[in-house]
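Annotated in TrEMBL:
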COMPBIAS  231-248  compositional bias 'Polar residues'
COMPBIAS  255-279  compositional bias 'Basic and acidic residues'
COMPBIAS  290-302  compositional bias 'Basic and acidic residues'
REGION    221-302  region 'Disordered'
TRANSMEM  6-32  transmembrane segment
TRANSMEM  44-62  transmembrane segment
TRANSMEM  68-91  transmembrane segment
TRANSMEM  103-124  transmembrane segment
TRANSMEM  130-154  transmembrane segment
TRANSMEM  161-182  transmembrane segment
TRANSMEM  188-210  transmembrane segment
Amino acid sequence: MSHSPLTFLFGVLGNVTSFVCFLAPLPTFYRVCKKKSTEGFQSIPYVAALFSAMLWIFYAYVKTGETLLITINSFGCVIETIYLAIFITYCPKKVRMSTLRMIVLFNFGGFCTIVLLTHLLAKGAGRVKLLGWICVVFATSVFAAPLSIIRVVIRTKSVEFLPFPLSMLLLLSAIMWLLYGISLKDIYVTLPNVVGLTFGVFQIVLYAMYRNNKTVKDEKLPEHKGDIDNNENAAPTVSGETQEQVNTDAGDIEIGEKKEEKKEEKKEDTVAEEKRDKTCLSNNNNNNENNKKTEEKESSEV
């Protein structure tokens, strides 16, 4: 299917912006490889992105002539597979098993189920419509994923967790694919990007509102300090005079203890000397008795 030059231009620009968006997690996975740890990152966004790319490739294949959709989503499948391979390599064993289960469930089981259902339940143009609405539902849910970040930004009034370059790239990507869908008169490409455009504009507005605010970390520092000072379980501070008194009392106690120890040692020495004296006296008495017995025996013999 041939496209008008304007449609082709929007498609190429959509490929470029989406290509950069797919590369956005590279610093994260570079850090994962360097530290050999996923550091609590979740695999769900990458499993969902891979599944979405697979669905759009299948949609473009069924519709025929959608080369620009196939090119970017093929690259998306490759890069998301690499991300997931790195994640599975360095994540904990429990997380690895859950990630593998998600991949088998969604990217294999779910995709195969959709392929079978679209072939069994619809034919021709009906198949394109059924598959198109499946793509709309899933792509819309993916575009709605930043809601959690938006909620954090509104609550903290800080854009610390809302990187402006990525938000702008996602907005530009949604605009390009929206224009591509409109020029192509493809409602299934247009609808998800209307949602993407809405959330993208909302993120940029939030960034403009809170960009000059302090970061969340800076705002929480005074609160933490106050908590420490007013904490009932915190260790009490000791003044200089009290500290000297404590040290003096401790010194007196140590001196008293040393005196007691010396007295005990003297008592033990005295007891030991008495025992030795008694032993010596008993030995002398025994020797005297033995001498007397020997003298008496000698005198009797004479």
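Every residue gets a Cβ built from N, Cα and C, even glycine.
All TrEMBL annotations are machine predictions without curation.
For the transmembrane segment (103-124), the residues of the chain that approach it from at least six positions outside its boundaries are 47-48, 50-51, 54-55, 58, 62, 84, 130-131, 134, judged by C-beta separation under 8 angstroms.
Taking Cβ pairs closer than 8 Å, the transmembrane segment (68-91) reaches residues 3, 8, 11-12, 14-15, 18-19, 22-23, 25, 29, 32-33, 36-38, 41, 43, 46-47, 49-50, 52-54, 56-57, 59-61, 99-100, 103, 180, 189 in its own chain, all 6 or more past its ends.
For the transmembrane segment (44-62), the list of distant contacts is 22, 25, 69-70, 73-74, 76-77, 80-81, 83-84, 87, 99, 102-103, 106-107, 110-111, 114-115, 118, 127-128, 131-132, 134-135, 138-139, 142, 145, 188: same-chain residues at least six beyond its ends, Cβ to Cβ under 8 Å.
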